[in-house]
Every structure is written in C-alpha cells, then in structure tokens.
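The disulfide bond feature in Swiss-Prot is assigned to CYS204-CYS266, CYS212-CYS230, CYS218-CYS222, CYS465-CYS472. For 206-493, the entry in Swiss-Prot reads domain 'GT23', with the evidence type sequence analysis. Look at Swiss-Prot and you will find 502-563 tagged as domain 'SH3', backed by sequence analysis. Marked as phosphoserine by Swiss-Prot: SER278. For 299-305, the entry in Swiss-Prot reads motif 'SH3-binding', with the evidence type sequence analysis. Swiss-Prot lists 1-9 with the feature topological domain 'Cytoplasmic'. Residues annotated as topological domain 'Lumenal' in Swiss-Prot: 31-575. Per Swiss-Prot, transmembrane segment is recorded for 10-30.
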Amino acid sequence: MRPWTGSWRWIMLILFAWGTLLFYIGGHLVRDNDHSDHSSRELSKILAKLERLKQQNEDLRRMAESLRIPEGPIDQGPASGRVRALEEQFMKAKEQIENYKKQTKNGPGKDHEILRRRIENGAKELWFFLQSELKKLKNLEGNELQRHADEFLSDLGHHERSIMTDLYYLSQTDGAGDWREKEAKDLTELVQRRITYLQNPKDCSKAKKLVCNINKGCGYGCQLHHVVYCFMIAYGTQRTLALESHNWRYATGGWETVFRPVSETCTDRSGSSTGHWSGEVKDKNVQVVELPIVDSVHPRPPYLPLAVPEDLADRLVRVHGDPAVWWVSQFVKYLIRPQPWLEKEIEEATKKLGFKHPVIGVHVRRTDKVGAEAAFHPIEEYTVHVEEDFQLLARRMQVDKKRVYLATDDPALLKEAKTKYPSYEFISDNSISWSAGLHNRYTENSLRGVILDIHFLSQADFLVCTFSSQVCRVAYEIMQALHPDASANFRSLDDIYYFGGPNAHNQIAIYPHQPRTEGEIPMEPGDIIGVAGNHWDGYPKGVNRKLGRTGLYPSYKVREKIETVKYPTYPEADK
C-alpha cells in the first residue's frame with residue numbers, strides 16, 4: 001500500500017511536466033509566427049488547439065484536487081480509477097502536443113493551398129468576366145440586350161457556385177471539417193449540461209425560480225420564442241425556469257403532454273417569496289419571480305438576443321457564422337425534446353412521406369400574415385432559389401431527384417406547385433395545410449402539424465422561406481443545432497433573421513463609404529451601423545449611430561458586431 005503523500009507528489013510532477021510542455025509548445029508557436037511560409041489560418045487553428053490543451057490542463061488540476069484525500073490506500077476504489085484516468089489523459093496530451101509541433105513545421109496541406117489559389121483565381125476571373133460583359137451590354141438594345149442579360153446572369157451564377165463550392169471544400173481540408181464537427185459537438189454538450197444542471201436543482205423548495213406563462217396571445221412559433229426568451233433570462237439570473245402551460249391553447253394538458261418537462265426535479269413554482277420582475281439586482285432576495293412578455297419587460301436584462309455568453313464567444317465566432325442564432329438554438333433544442341408518442345409520429349411521417357436527402361425545405365406563409373406582417377410572394381419567387389440551391393448541391397453530391405418539402409397554410413398551393421414544376425418531387429402533407437387554417441389553428445391536430453412541418457424544414461439541406469414567419473425562424477434555429485454551421489443554409493424572401501424584442505443588431509464599418517445616391521449613408525471605419533433590414537441586393541438599410549443618419553450602405557464594407565454578456569458558467573455542471 002503506497003501512502004497518499006507519494007502519490008500526490010507524483011501527480012504534482014505530472015502537472016509540472018505538463019506545464020513545461022505547454023510552455024515549450026506555446027513558445028514554439030510564437031517563434032514560428034515570424035516565418036512567412038506559415039499561413040495565419042493554420043496558426044489560428046493551432047492556437048485554438050493549444051487553448052484546448054490548456055483547458056485539459058485545468059481539467060487535470062481539478063481531477064488532482066478531487067484526489068487529494070488526507071490518507072489511506074489508493075490502489076482500489078474511485079481514487080484508483082481517477083489516477084488511471086489521469087495517466088491516460090497525460091499520455092494523450094503528450095501525443096497531441098507532438099502532433100501539433102509537427103503541424104507547425106509542415107504548414108498548410110497541399111489540398112488547402114490548391115483550393116486557396118483556385119478561389120483567388122476564381123475571384124479575379126469573375127471580375128474580368130463582369131467588366132467584359134457589362135461593356136458589351138452598353139452597346140446592345142431591345143431583344144438582343146434581353147438575351148445577353150439573361151445569358152450574363154446565368155454565367156454569373158456558374159461563377160458564384162464554383163467559388164462557393166471551392167470554399168466548401170476549403171472548409172473541409174487539413175482536418176478542418178473534423179475539427180468543426182468536434183468543436184460544435186463539444187460546445188453543444190457543454191451548454192446542454194449547464195442547462196440540465198440549472199433545471200434540476202437538488203432541493204426545489206430552496207431553488208430560485210423564474211415563472212413563465214406560455215399562453216402569450218400568438219401562434220406556436222411565437223409562443224416557443226416567448227419561452228426561449230424566458231429561458232435565457234432564467235439561465236442568466238441563475239433561476240430554474242418554471243413553465244406554466246396548463247390550459248395551453250394548443251394542448252389543454254400542457255407542454256408536458258407533447259414535449260419532455262423542462263425539469264425532472266422541480267415543477268413546483270411555490271417559494272417563500274414571490275414578486276414580479278423588477279430587475280436582477282432588485283429581485284436578488286425574491287425566491288420566485290414572474291416574468292412578463294418581452295414587449296413589456298422593464299428594466300431590460302442584458303441576456304436578451306442577440307448577445308452570446310462571454311466565456312463561449314471566441315469559440316463560437318470560430319465555429320459558427322452566426323453565434324447569436326446558435327445560442328438561441330441551444331434553448332430551442334432543450335425545450336422541444338419530444339415525448340415518445342411524438343417521436344414515433346415523426347418517425348412514421350418520415351417513412352410515409354418518403355422524406356430523404358437531398359431536399360430543399362420551402363415554407364410559404366399566407367392567410368393572416370399576408371397584408372398584415374408580410375407581402376404576398378408567388379411560388380415562382382421561392383423556386384428561383386430552390387433551383388440555385390440544387391445546382392450548388394449538385395457540385396458536391398449526387399442529386400438523384402429534386403425533392404422539395406413544401407410547408408404551407410394554403411391547401412391549394414401543392415397542386416399549383418406540382419403543375420408548374422413537374423420536374424420537382426414535392427413532399428407535403430395537405431392535411432397539415434388544412435389544419436394550419438385560421439379556423440383550425442389552435443387545436444392539438446394543428447399543433448402536431450406545425451411541429452412536423454418545422455421538423456422537416458429544419459432537416460432540409462437548404463431552407464427557402466420568409467423570416468417574417470416565426471415558423472421559418474424556428475426551423476432555421478433548429479437547423480443550427482443539427483450541423484456544425486448551417487448559418488448560410490437559407491434564403492429569405494423578406495427579412496433578415498431576428499428575434500422578437502431583442503437588443504439592437506449592430507455592425508461595424510471596416511471600409512469608408514461616400515454616398516453616391518441620396519438614399520445612402522456615409523461611413524468611416526469603426527462606425528457602428530444599426531441594422532434595419534436587408535433588400536438582398538448588396539445594400540442593406542441601417543442607421544449610422546455616430547451621425548444619426550438612416551439609409552443604404554454596401555454590405556461588404558461592414559462586419560457583424562458580436563455582442564457578449566457575462567453569463568454564469570455553472571462550473572458545478574461539470575462535476
């Protein structure tokens with residue numbers, strides 16, 4: 001039997017050796033930065049891996065602390081298992097460090113450099129093509145002008161798809177695709193652990209709670225977003241979300257009859273003190289806080305979208321094109337875990353409809369939205385983007401059939417679509433369209449229909465819809481939880497993505513701009529631009545917050561401003 005003292009020294013020796021290796025490889029990376037033959041992309045990848053090694057070092061430190069017992073044998077029981085786990089992690093870490101040292105010497109891979117040069121050349125050739133074709137158009141008239149313009153747009157589409165395909169393959173080279181898969185999975189598991197920990201306190205009678213009533217006066221997508229908003233505030237204020245859903249207008253039995261409960265251990269909203277939301281600080285000593293709808297919450301908490309957690313921001317920016325949407329998707333993912341009967345319904349519907357890939361999801365919202373919140377869009381506007389998406393997919397996979405999942409509240413649309421586009425295979429359930437009508441909307445059958453529509457839309461390879469629709473935005477959010485980065489897998493005919501009642505959506509100017517027309521606004525690098533909308537023509541609308549002027553500006557001259565907030569990190573969730 002070895003005494004603990006010797007083992008503890010052994011642990012400390014391992015940690016010291018670990019730290020020395022980290023210091024060595026860190027210095028090695030810094031020195032290598034001076035060599036011109038190393039790309040900044042490769043260096044960023046390696047530094048990120050080094051950051052993960054540091055995180056593993058912290059994990060080892062915590063493991064060593066958990067092993068620190070005053071006396072007694074360690075060759076059996078839990079302590080022995082932890083020591084063995086420590087040894088395994090140490091050996092893996094040594095192997096990883098050696099691999100990363102080799103990568104810094106080798107530089108980017110051959111495929112990476114071939115693709116990078118192909119994209120560079122493609123961009124140049126596109127510019128040459130544009131210059132040449134526009135000069136030709138100047139000298140054409142009438143039918144000849146129309147014919148040449150059509151050919152020009154068709155060729156331009158080929159150029160764009162060629163560059164986009166090269167960019168896709170570039171994103172997969174040198175292990176980048178595998179890294180992205182793993183990093184997205186790790187981030188998702190981390191957040192889901194934290195949410196699960198918060199939602200399942202050991203003693204419900206003592207837990208701080210945030211009460212959210214689901215029955216906001218709107219449809220399913222809107223109500224789901226209302227609960228997501230509540231959930232984010234609960235997460236930020238370290239309160240267990242208590243969801244009140246009795247007599248829900250879609251299912252009188254409540255949320256739990258359709259989806260899994262938001263908590264397994266704490267479904268009772270009672271507490272020693274109760275009050276309405278008056279701000280995180282003022283509510284500090286109130287056990288149960290009732291939250292109003294986002295439109296009337298005051299003071300506004302900092303945890304509203306489009307902000308993301310400070311401790312995850314750097315990792316999210318690297319792995320995902322729209323971190324704010326990814327963050328929303330994590331709460332949606334937790335909330336819509338189906339009950340067994342619903343899971344079975346989804347499986348049966350998948351087989352019955354013949355849903356399989358490749359497939360484009362199309363959502364056409366009509367009825368109450370048209371004229372009130374959105375314009376009418378004929379099916380032709382959707383299929384333009386559907387065809388573009390299929391042509392892009394065909395460059396990297398076999399498209400045996402052009403499948404389109406059509407979700408709509410207009411029962412007549414399916415027949416119209418099949419008549420106008422016989423080369424497409426439309427997958428749709430017209431009974432869902434009938435149940436989505438205004439007279440049938442708030443029924444359990446309608447709820448089943450909208451859940452199925454959202455599920456299949458989120459499963460599609462691309463999504464074509466109007467972001468003015470909550471159903472479309474929910475499908476897009478779920479899509480983000482299914483892929484490492486599906487932020488670009490959409491075409492919206494109207495709005496950009498937004499979350500109802502959020503904090504401002506801002507961008508930062510990276511290039512100067514002098515207006516050429518009366519409707520444009522000037523910009524200087526560093527100016528904050530508040531986004532008001534996007535016309536999908538290269539010129540969004542926004543306000544220059546420094547000048548107070550509203551107008552159009554070139555989208556390529558700005559970048560997204562990622563808003564971060566100091567969310568709690570719930571270290572207890574990892575124990």
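The backbone N, Cα and C atoms fix where each Cβ goes, and this holds for glycine too.
Structure coloured by features recorded in Swiss-Prot.
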residue	record	contacts (Cβ under 8 Å, 6+ apart)
CYS204	disulfide bond	THR240, THR265, CYS266, THR267, ASP268
CYS212	disulfide bond	HIS226, VAL227, CYS230, PHE231, ALA234, LEU241, ALA242, LEU243, GLU244, LEU291
CYS218	disulfide bond	HIS226, GLN470
CYS222	disulfide bond	LYS216, GLN470, GLY500
SER278	phosphoserine	PRO299
CYS465	disulfide bond	GLY361, VAL362, HIS363, VAL364, ARG365, TYR382, LEU457, CYS472, ALA475, TYR476, PHE490, ARG491, SER492, LEU493
For the disulfide-bonded residues CYS230, CYS266, CYS472, the one whose C-beta sees the most other C-beta atoms within 10 angstroms: CYS472
Helix, strand or coil at CYS465 (disulfide bond) [DSSP, three-state]: strand
Where CYS212 (disulfide bond) falls in three-state DSSP terms: strand
Where CYS222 (disulfide bond) falls in three-state DSSP terms: helix
Arithmetic mean of per-residue pLDDT over the domain 'SH3' (502-563): 95
Helix, strand or coil at CYS472 (disulfide bond) [DSSP, three-state]: helix
Helix, strand and coil counts within the domain 'SH3' (502-563) (DSSP): 3 helix, 24 strand, 35 coil
Local backbone state of CYS266 (disulfide bond), from DSSP in three classes: coil
